[in-house]
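A.B. asks: What follows is a single structure, and I will ask about it in a moment.
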There are 2 protein chains.
Amino acid sequence: MNIRPDPDTTVPAVTTGPLPSSRKIFATPDAAPDLRVPLREIILSEKAGEPNLPVYDTSGPYTDPNVVIDVNSGLQRHRTAWVRERGGVEEYEGRSVKPEDNGNVGTAHAAKAFTGYHKPLRGLDGHKITQLEFARAGIITKEMIYVAERENLGRKAQLERAEEALANGESFGAEIPPFVTPEFVCSEIARGRAIIPSNINHGELEPMIIGRNFLTKINANIGNSAVSSSVEEEVDKMVWATRWGADTVMDLSTGRNIHTTREWILRNSPVPIGTVPIYQALEKCNGDPVALTWDLYRDTLIEQCEQGVDYFTIHAGVRLAYIHLTANRVTGIVSRGGSIMAKWCLAHHKESFLYTHFEDICDIMRKYDVSFSLGDGLRPGSIADANDRAQFAELETLGELTKIAWKKGCQVMIEGPGHVPMHKIKINMDKQLRECGEAPFYTLGPLTTDIAPGYDHITSGIGAAMIGWFGCAMLCYVTPKEHLGLPDRNDVKTGVITYKISAHASDLAKGHPAAQLRDDALSRARFDFRWEDQFNLGLDPETACKFHDETLPKDAHKVAHFCSMCGPKFCSMKITQDVRDYAATLNDQEQGMAQMSAKFKEMGASVYLDADKVKASNKVL
Amino acid sequence: MNIRPDPDTTVPAVTTGPLPSSRKIFATPDAAPDLRVPLREIILSEKAGEPNLPVYDTSGPYTDPNVVIDVNSGLQRHRTAWVRERGGVEEYEGRSVKPEDNGNVGTAHAAKAFTGYHKPLRGLDGHKITQLEFARAGIITKEMIYVAERENLGRKAQLERAEEALANGESFGAEIPPFVTPEFVCSEIARGRAIIPSNINHGELEPMIIGRNFLTKINANIGNSAVSSSVEEEVDKMVWATRWGADTVMDLSTGRNIHTTREWILRNSPVPIGTVPIYQALEKCNGDPVALTWDLYRDTLIEQCEQGVDYFTIHAGVRLAYIHLTANRVTGIVSRGGSIMAKWCLAHHKESFLYTHFEDICDIMRKYDVSFSLGDGLRPGSIADANDRAQFAELETLGELTKIAWKKGCQVMIEGPGHVPMHKIKINMDKQLRECGEAPFYTLGPLTTDIAPGYDHITSGIGAAMIGWFGCAMLCYVTPKEHLGLPDRNDVKTGVITYKISAHASDLAKGHPAAQLRDDALSRARFDFRWEDQFNLGLDPETACKFHDETLPKDAHKVAHFCSMCGPKFCSMKITQDVRDYAATLNDQEQGMAQMSAKFKEMGASVYLDADKVKASNKVL
């Protein structure tokens, strides 16, 4: 049993303040000088002799010491003005919260409600609302300008001379420009190859873009289940996940307090929030999939559209005719949404209402610019089931639905596997691009083996890195708790860092023009024994520092030219500095070689114990 | 400061006993009924309705409850009889241990010596000694019979009908047979495509094979450094690493007590032990690379040959002419051995004595059948330095040296990178196969990005899985402490499990005929909610169980048809069982569909809450 304080008085506590040796800076796009696009600048030591490194920043105002965080009030809603100023929307009295929205929770178990209320906006008929509609009309929105600036990582100078770096990768047909412009963003969205998930009611959002020609993104799933976790924990997990680099967050809550949990998350979230509306719809009919109806689902969509959810996972590709294809699978249907719909279809012996009402769904989502994340309800749940007919039949239907959603003006991405051995990953990516007209792919892992419960962040991080390289636009993280239980805060961090690794490895391999700048800065710090810089340039400075200090805790060791792995006499980095210094002094190679030879002999063993002495001596050679 | 007990009385304590729900079984090869080839059998619950699963077992007698472990005496030396019975060897008075062998350690810091002493064996002139020499003569050794049986995982029946499974992978030219025979092992060794590292003085060894047409292997590095760890810790780490699946262990100790540490490890090791002899040679000249001589190195080789080291990393490819190629690298030379030799070459302005004396080295190693692991002293230490001229120049030299070693009758494998972005990995594998005549490749990672200190088991596990798939025969693990400090016991385990994942993902992707049997068994357990079976079939049952129990600790939950991730109402596995049960009852699809529809409606929400009820009701449908 969870012992919890009186729910009416509990306010989520979240982590704030900058990461070690980092500060928030803001870029100002030429095309919209009123925008402030956040970046994180990693401050290097004076010894570095190189500029600080700006990196992509998903953490929102929580890492900005100039912003007063009050989770009770939520973040500021700067973006609402952008939506209003381009017009075509109306404010209206939204749907009232009903008891079933929170699973008919009684007073004793009710979570404290979020106090603020913002009347929802919705699009007016005959007006452009979605980013896709604006892009097709050639209109560049503030969101487009914002994400263009954000993608460039504040490294315009480096990027403009990055053509060589680009040529270094293998992009498998991606077309990554050296420098991202608002016009490029607009054209990518217009052709459906990228999306900016951005509900007009999510005013707190710092927009981001998902597409294979942009930085590879990652999603973190959070959400309580009926047996574990609380609203406070979930809000904290959202802030925590974005602190470490989650680009979007999915709230997969089930059970009671589902509406309230989501409201707290949305009002405090700087990143796009995704949901699976069928989960809440199911709560509204007491967990009986057979009792689901289109009306109930439709009402749930509107509820969540008004709250500001940025993308919906909709398992409209789980068609009645495909369900029998899963009967002989080793692990059947493993998607929660997919299995709910399969059960509904079987019980009623009818085509899925998500499929039959797909155009109605589009009409609702378009009014709020909620993006589709077409769910892979029949994704494989084991190596044995990978790339089977059930999976690919659904993918083909998702391709068909993509074209309908596009026709309706909606932004679309496509969800993918699952469990897939390495040699079957590229087949998935290639088929998705073909079937779905290059709409962004958003995959869970894939897990490359089933045999490591407790380590599925790793089994899947391998597959994620590969599919990201092959063209996947967003990687949905998997935590160490996958298959075993609800992830806690530590699991969320481990999942996020693992997926940042996969996403970054993808960007390097694709030849993203600026990706390697961070690797190089860190490697230079490593080679120079700038330990603090090495920690701070890494994805998780705190863990790196902690690991180092476990064996060499003194401050003096932070400037030592060795670590406990090799000790002072065996550090190859130290020896190799001698080699480099030597080479730098060469005019005539033979002469330099002989001089160096004499010097090393003279200094003998002491050279080996004090690389600084060698460096100093080189200066007077 | 380490507070340690009086070293003279400290005996290593190691972990013994079987893994959860596992027992050691022995296979008896037809070709040599006196051999007992160990396997681990994972015992499944009665509910499983399928046979127990035999898996590869690296853990030696430590997991055999019928063996009394006494680290003071070492393991039994069964293999010495195999060596003696085929003849061609002599026992002789070995080299005496000299003070410098342990870094001239004083009494106060001396570790307790291992008490037993076995006079060494060495090959006689004009006789076959190495596995390569026997293989070339078409003579099948007991080691070959042993490894053939071991590779088959006790799954002869499954393997014999595995041709279909084989066809499923992409092997990139590997030729993996459905069933491994001693004759196949012999032919692979004869052509240099596989090795059995097996010093004739390592009588404790349970032989294993390294080659791209066999199961992908992993190595764990252990070893103290001058500033951290003790003999006891290192022996414990060796046993601990093999418990979790390390196929070989490298003792990379430096500092004092280096001879004594190695003796303890060898006398207690069931797996091949590798070393880098230059580390000890350097200790013998007080850490001054400039003072290294061929005589000193030669004496160290003989010392370690007599102890029973199974393979030596020898950085003979670091030639004088290549050193300047590293001068403009971001991270120069990062191999300890490589940097030592580079410094020696520069100081003396001479070609490396490892290169000039390479044939002498072969003659020594052949007499004991110590395998070469030709070291990659110029491997890249950062993404920026990957696949550069320094790295590939050395690789080309390693190809040249491979042919010399083969000519001399020595077994050879080749070490590889390092830090390499994903798109440059396959180039490494292909070039190695070409340059080195398909001699087994043994790589460190590679790390696919530099930006995650503290998580380099993951950055490298990605690269390791890929290069294993492409044809790498053994993957050298990287722990979370890489670049930061000496790994402790937990780090060793994390590194080993991560690399077991990479190796297994490789085997699946290559189409190893039996690899998927374990995935399938685990996935069936998962789908059937056999929680204990799921834990026990995984690579780390203890962690899986612990993670599960964090949120659902009760015994009753071990049979629950849900976990805390989704809770009882949302478990897709549960719903999908209904689908499967339904499909199983179908004769006429339409009729079955209608029946199921009626039944689901009738049972309503309760169906959803109790999958067992559904299953029961299906039986009377």
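Sequential numbering from 1, following the chain as shown.
Cβ atoms here come from the backbone N, Cα and C positions, even for glycine.
When I checked TrEMBL for this same protein, it listed these features:
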REGION    B:1-21  region 'Disordered'
COMPBIAS  B:8-18  compositional bias 'Low complexity'
DOMAIN    B:18-90  domain 'ThiC-associated'
BINDING   B:ASN221, B:MET250, B:TYR279, B:HIS315, B:SER335, B:ARG336, B:GLY337, B:ASP376, B:GLY377, B:LEU378, B:ARG379, B:GLU415, B:TYR442  substrate binding site
BINDING   B:HIS419, B:HIS483  Zn(2+) binding site
BINDING   B:CYS563, B:CYS566, B:CYS571  [4Fe-4S] cluster binding site
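Provide an account of the burial state, proximal residues and distances for the features listed.
C.D. replies: Sorting each residue of the domain 'ThiC-associated' (B:18-90) by its DSSP state yields 15 helix, 17 strand, 41 coil.
Within the same chain, residues at least 6 positions away in sequence whose Cβ sits under 8 Å from that of B:ASN221 (substrate binding site) are B:VAL249, B:MET250, B:LEU252, B:CYS476, B:TYR477, B:PRO487.
Listed in sequence order, B:PRO380, B:GLY381, B:SER382, B:ILE383, B:ASP385, B:ALA386, B:GLY445, B:PRO446, B:LEU447, B:ASP450 are the same-chain residues at least 6 apart in sequence whose CB falls under 8 Å from the CB of B:HIS419 (Zn(2+) binding site).
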A.B. asks: Within 10 Å of its Cβ, which one of these binding-site residues (B:TYR279, B:TYR442) has the largest number of other Cβ atoms?
C.D. replies: B:TYR442
A.B. asks: Can you list which of the binding-site residues B:ASN221, B:TYR279, B:SER335, B:GLY377, B:TYR442 come closer than 8 Å to chain A, going by CB to CB distance?
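C.D. replies: Cβ contacts with A, in sequence order: B:TYR279, B:SER335.
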A.B. asks: Please report the distance from the Cα of B:GLY337 (substrate binding site) to the Cα of B:HIS483 (Zn(2+) binding site), rounded to the nearest angstrom.
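C.D. replies: So the alpha carbons of B:GLY337 (substrate binding site) and B:HIS483 (Zn(2+) binding site) sit roughly 16 Å from each other.
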A.B. asks: How big is the gap, in Å, between the Cα of B:TYR442 (substrate binding site) and that of B:HIS483 (Zn(2+) binding site), rounded to a whole number?
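C.D. replies: Just about 20 Å between their Cα atoms.
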A.B. asks: So of all those binding-site residues, B:TYR279, B:SER335, B:GLY377, B:ARG379, which one's Cα sits nearest to B:HIS483 (Zn(2+) binding site)?
C.D. replies: B:SER335
A.B. asks: Using only the Cα atoms of B:ASN221, B:MET250, B:TYR279, B:HIS315, B:SER335, B:ARG336, B:GLY337, B:ASP376, B:GLY377, B:LEU378, B:ARG379, B:GLU415, B:TYR442, which the record gives as binding substrate, return the largest interatomic distance in Å, rounded to a whole number.
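C.D. replies: Largest pairwise Cα separation, rounded: 20 Å.
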A.B. asks: Restricting to the same chain and to sequence separations of six or more, state which residues have a Cβ under 8 Å from that of B:SER335 (substrate binding site).
C.D. replies: B:HIS315, B:GLY375, B:ASP376, B:GLY377, B:LEU378, B:ARG379
A.B. asks: Just going by other Cβ atoms within 10 Å, which of the binding-site residues B:ARG379, B:HIS483 has the emptiest spot?
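C.D. replies: Taking B:ARG379, B:HIS483 as the binding-site residues, the minimal 10 Å Cβ count falls on B:HIS483.
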A.B. asks: For the binding-site residues B:GLY337, B:GLY377, work out the Cβ neighbour count at 10 Å and name the residue with the minimum.
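C.D. replies: If we count Cβ atoms within 10 Å for the binding-site residues B:GLY337, B:GLY377, the smallest count is at B:GLY337.
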A.B. asks: Over the domain 'ThiC-associated' (B:18-90), what is the model's mean pLDDT?
C.D. replies: 96
A.B. asks: Need the DSSP three-state call for B:HIS419 (Zn(2+) binding site) to compare against my parser.
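C.D. replies: Assignment for B:HIS419 (Zn(2+) binding site) reads strand.
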